[in-house]
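For reference, TrEMBL has these:
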TRANSMEM  A:12-31  transmembrane segment
TRANSMEM  A:37-58  transmembrane segment
TRANSMEM  A:79-99  transmembrane segment
TRANSMEM  A:105-132  transmembrane segment
TRANSMEM  A:144-165  transmembrane segment
TRANSMEM  A:185-205  transmembrane segment
TRANSMEM  A:217-250  transmembrane segment
TRANSMEM  A:270-295  transmembrane segment
TRANSMEM  A:307-327  transmembrane segment
TRANSMEM  A:339-359  transmembrane segment
Amino acid sequence: MREQYKISIKQYFTLIVLFELGSAILVGLGMNAGRDAWLAVLIGLVAGVFLFLLYIYMFKQFPELPLSKYLPLIVGKHFGKVLNMLYMLYFMYLAARVLRDFGSLLLSAVFVQTPIIVVNSLMILTIIYVLHLGFEVLARTGEIFFALTVLIGLSIFVLVLGADIMNWNYIKPIAGEGWMPVLKASFPVTPTFPFGEMIAFTMLFPYLRTKKKALSIGLTAMILSGLILSLTVAADIAILGGHVATHVFFPLLSAVAKINLGEFIQRLDALVVFTLITGGFFKIAVFLYVSVKIAQDVFSVKEERSLLMPLGIVILFGSVAVASNFVEHINEGLNIVPHFIHVPFQLIIPVFFTVIYLIRKKSIKKKLASGSSTLT
Amino acid sequence: MKKNRNNRHSNSMNEEQDMPVNLEGTSSASENNTDDGASNSVVSSSIEHVITYIKTELGNPGDLVVRHLNLEVGLKIKAAVIFIDELVDSQKIAEFVIERLQTVPVHIKDMPATFGESFYFIKENSLSLGTVAEIENYNDLLDGLLAGNTAIYINGFPKVLMAEAIGGSSRAIQEPTSEVVIRGPKEAFTELLKTNIGLVRRKIRSSDLRVEQMKLGRVTKTPIALLYINNIADPKLIEEMKTRLERIDADSILESGQLEEFIQDETFTVFPQLFSTERPDVVAGDLLEGRVAVMVNGTPFTLIAPTQFVQFFQSPEDYYMRYDIGSFLRMLRFFVFIVSLIAPSIYIALTTFHQAMIPTTLLFGLAAQREGVPFPAFVEALMMEITFEILREAGIRMPRPVGVAVSIVGALVLGQAAVQAGLVSPVMVIVVGITAVASFAVPSFAVATSARLLRFPLMLISSIFGFYGLTLALIVIIAHLTSLRSFGVPYLSPIAPFNMDDMKDAFFRFPIKSMLKRPSLISQKNRVRMTNHETQKSRGE
Amino acid sequence: MKRITLFLSLITLPFLSGCWDQHELDELSIVMGIGIDRADNGEMRASFQVVNPSEVSPGIGGGGGGKQPNFTVYTSNGKNLMEATRNASRQTPRRLFFAHARILVLSEKVVKEKGIYDTLDMISRDPEVRSTIQVFIARGTDPGTILETFSAIDKVSADEVASKLEVSEKVWGENIGMDINEVLQSMISQGSEPIINGLSLRGDDEQAITAKNYEAGKPARLYLNGMAVFKHGKLKKWADGSNARGIVFVKDNINSSVINIDCEGKKDSVAIEVVRSKVELKADMKGEIPRIKVTAYPETNIAEANCPADFENKDTIFKLEKLLNKEVEKEIKASINFVQKQKTDVIGFGELIYRTDPKKWRKIRKHWDKTFPKIEVTVEADSRIRRPGIRTSPFQYELKNEADR
């Protein structure tokens, strides 16, 4: 087994940003709040930061261990294994959902007649290949694609300004229907997706080269991506108008499609699709890697590479099976998953084991100290 | 046997480390390899024996010259001068060996009294050549002869004098052919290792420049030199390079390209993992960055390690011109590389999947041109690309005057005719033309070849999945590039892992004054390249 | 071994997948304009203007040229738009490709009687049709004829119409470009109604649809003709001339226009070129019915002066500015009256009130239809005449001076 690669702080930053923007920038985030969707995103960010602080707190207690290793310590070996299994399935499910998101995006925008399984399997094969080269390669590739994404993002921003298609009147008044609808649209959707999904990084914290910066850099990256998301949502609404923005599946795509500079630069949506794909790529890859890592602990498999293919294929078929149609998929994503899946896994279980940890702190520390030689 | 040989080579290398240009082909005589069999036995003290031995071992070749001499050096001696024609400078031998031996000064008082004394007398007084060594076993004698040295044998003493008068026809130093610059030195390496080492030494006149020599190839015994600057290059790197070189066990090393395949990190890749150059200034510059160079006798192409991907886009000219134009040209080259890689794929993806993105008027034009073309865009592109590859290959292989004609006929006449015949659309000719020109603008031939190879799979995938396939394929290529390492250095550094300081010399070429440090991943200890001129100036004021 | 399996699966995948969404350029019929009408039996009738690329593109391509028309129009019926579209494939040799369609022409009769709603869904749902497609209403004619009309300058008439709109928007100001997206947005959001450009045919109908049209000295031409004001998705009334421009003024969409004012007692003798204009809308929420204040700030140049006025005297300019203010105020006032009379809020006063005071809006939005006509609107203009072109006083002023002397 090869030595575990250490993630540099730059790679940590770029991975978080790509991960957070990944699929969230694509689907209309918080669009239930109508023209105040951008506010809903910001509220989600604030709530998400608290979740992140909770994860970081647990990491500080076990700076050398990932989630899957300290869970059994806290709740006991067998129950820990059950929880680990659940988390593995959770991350795989999330990966499948993101994969489905992107498959649907491609299908509705470009590949109208292509079966979704083909599009998705191409994606999952690419991810498996890259992870096969090692997580290090993924992290480094992330650096390059981060730069590319920034470049393309900025040029699209310039084009939008140049095309003069934004009408800021569309997002006024702020909270015109009162704050209740905004809050209703925010909870629990926006804090859990995408900010709460940072729980996946609890598996990666111990591999940071500079562990001290896990909090500060992580927060910066989260806040930056939150602001980008909020700005994007605001721009979507300013370009399309509140009605259209909330009634298309991929507002960003429709917004970019409106760029038309002198009949020469037009229909950039097709180009944007492929920039977005890279974001989805990293999100799915992180989820897949994290679930492989947990599976490695649960089933005590030595070589992580041997798990990539089986889990990848499960995710592939999962992505097709999660919903029978796109509407169902989106409905689940907005109404069911946040309440019944995100909240337990991102909030309830972490709070639960944190509390247990605080109660049994001493004995756990003792166990950790004595067992450290056998653990590592 | 094999191991012994290798040991010997490496040992000899170590011993001769500080000798700048040592005798070609003569490894140190002091070593005792007597257990190596008959060929390694001590030279006989009878002239007949020696000559017969040489003749039988070499198969009595026609180009072996044995000149018998009768000398009078105190006592009358039978001697022989033995060499292989065409490997030696026969004029030198006539003038500085044979003539000198025949006119031994007679007025000296202490004339030698034994064969042994006369041997040393001749060595010290009668040979006016720079390098003369003593040899005492047959193995070294044969090696020396085959390397182009001249053996002088004095009857009655079991040693041989080896004089270096290597000659024979060789090419003069000429302008580089594959790395042409407008501004900068116009000399290129030749096939002779000696000359090449000398060219580098002339650029770096430092006692820290180390040249270590060894021989590789069981049959060819090709001399190889490892160059580095002692306190700049990382000792670990030097050690690693030596181990990799010593690990090689092959019949022949005829060109540095073969050597490259032996010492590179990853075999299954289309990207060159070692940078090769025929320019002494490039080698000097890379040595000064802390890299090591490997020269192979018989080729002007020198290998440089570790290699980073960005190196292939750096032309020595960047550093000789102003930094602004240097930076511009460098960015242009990266762009050009991308064009040569994906231009046909983009055309295919746009015209068969994403017609919406084509500006309306242009779409009319493209559609009009496609009317009546019988093939799908992918086949059309493939045909043109392959035709172009054939033309290019033919242009290189043909005798030069014909080659030009072929290119012109191919490019102009064939393209025009194909369009008129309705086989391809005119735009396709433009696309293929741009791709071709772009691939020539990439300064490194090696990396341009990678683009040429990758172009075809990219065309295929974008004809099936449009930009989606192209995006994923590019992700795979980039991931593959990031996974490569050259002697431990990530191939894609300083882009990934990102390093701000090193970026000054990657996509851009910052002003020389601002590049204070050597590349961070290459040189580990001695990183400061120059004093900070800006602070100096402010101190002075 | 694993490497090989992975490699093989990557290689074979593309071949298994085939080419579902691949279309060669010569398999596409590029649609430039879409027309929607109703047949006599109540079915949807769709017309598609399809370009013949080899005739349209310059240089190489078709070769001989001139033998085929630049474009052709397919018309087919169906119960809904989608059916009509697919039905057209019985006539078209290639797949209809909508991504480059620039105009969508609706029938006046249909939008007046049945409303606009049934026509827009498919257009906004189809991923291929661009959301920047401009919407028009065929005024006094039918969409089919509009699409079939041969144009004189641009080779494709749909292209020409879209360009006409752009130019007219920039220099005349009686039309606002309305793409499908904006139509939908203004249709749905409370407190605003869509306003859509009219397109008419002037000249010989019979000749318009033959190739003779672009050879004739006096061809039949398509021209922009007013804007249709909607109410609950149905065409209510046409806003023409100054009414239209007044609406454009209030909507703050004037790029450039020409306003005539009197000078030295001579009616409409000075033409003022509006260079840019800004409009401020303020809603006063006090009282039962909100009051709205419109302030326009046009920036102008003198473009033409056919009267003996002294432009070197700044007082003359100030006088002209005052006249201009009155003219602008009159025009805006008239257009607001017109809109209020039609009881349709195309300007978006409702939106304005919502932006200023959402709580109040929630109270009045239920009976906005009734409230809107009662709203009291005050109009004010504060114009600036920046420069009188490259001449000082008009030569008529010099003539007058000569005569006086």
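Cβ from N, Cα, C; glycine included.
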Self-check item: Proximity verdict for the transmembrane segment (A:339-359) and the transmembrane segment (A:79-99), three or more C-beta pairs under 8 Å
Solution: yes
Quiz item: Mind checking which residues reach the transmembrane segment (A:217-250)? Cβ under 8 Å, same chain, six or more beyond either end.
Solution: 9, 12-13, 16-17, 20-21, 24-32, 34-35, 37-39, 41-42, 44-45, 48-49, 52, 56, 104-105, 108-109, 153, 160, 165-168, 170-171, 194-195, 198, 201, 258, 326, 330
Quiz item: Are the transmembrane segment (A:105-132) and the transmembrane segment (A:270-295) close, by which I mean at least 3 Cβ pairs under 8 Å that are 6+ residues apart in sequence?
Solution: yes
Practice problem: Could you pull out which residues elsewhere in the chain have a CB under 8 Å from any CB of the transmembrane segment (A:307-327), counting only those six or more residues past its ends? | Solution: 92-93, 95-97, 99-100, 103-104, 108, 116-117, 120-121, 124-125, 127-128, 131-132, 249, 284, 288, 291-292, 295-296, 301
Quiz item: Which stretch from A:12-31, A:37-58, A:185-205, A:270-295 shares the most C-beta pairs under 8 Å with the transmembrane segment (A:79-99)?
Solution: A:270-295
Quiz item: Of the listed stretches (A:12-31, A:144-165, A:185-205, A:270-295), which one yields the highest count of Cβ-Cβ distances below 8 Å with the transmembrane segment (A:37-58)?
Solution: A:185-205
Quiz item: Apart from its near flanks, which chain residues at least 6 from the ends of the transmembrane segment (A:185-205) lie with a Cβ under 8 angstroms of it?
Solution: 7, 12, 16, 19-24, 29-33, 36-37, 39-41, 43-45, 47-49, 51-52, 55-56, 58-59, 63, 66-68, 91, 94, 211, 214, 218, 222, 225-226, 229, 286-287, 290, 293-294, 333-334, 337-339, 342-343, 345-347, 350
Quiz item: Any residues 6+ beyond the ends of the transmembrane segment (A:270-295) with a Cβ under 8 Å from its own?
Solution: 15, 18-19, 21-23, 25-26, 66-68, 84, 87-89, 91-92, 94-95, 98-99, 101-102, 105-106, 109-110, 123-124, 126-128, 130-131, 135, 138, 142, 145, 148-149, 152-153, 156, 200-201, 203-204, 252-253, 256, 301, 304, 307-308, 311-312, 315
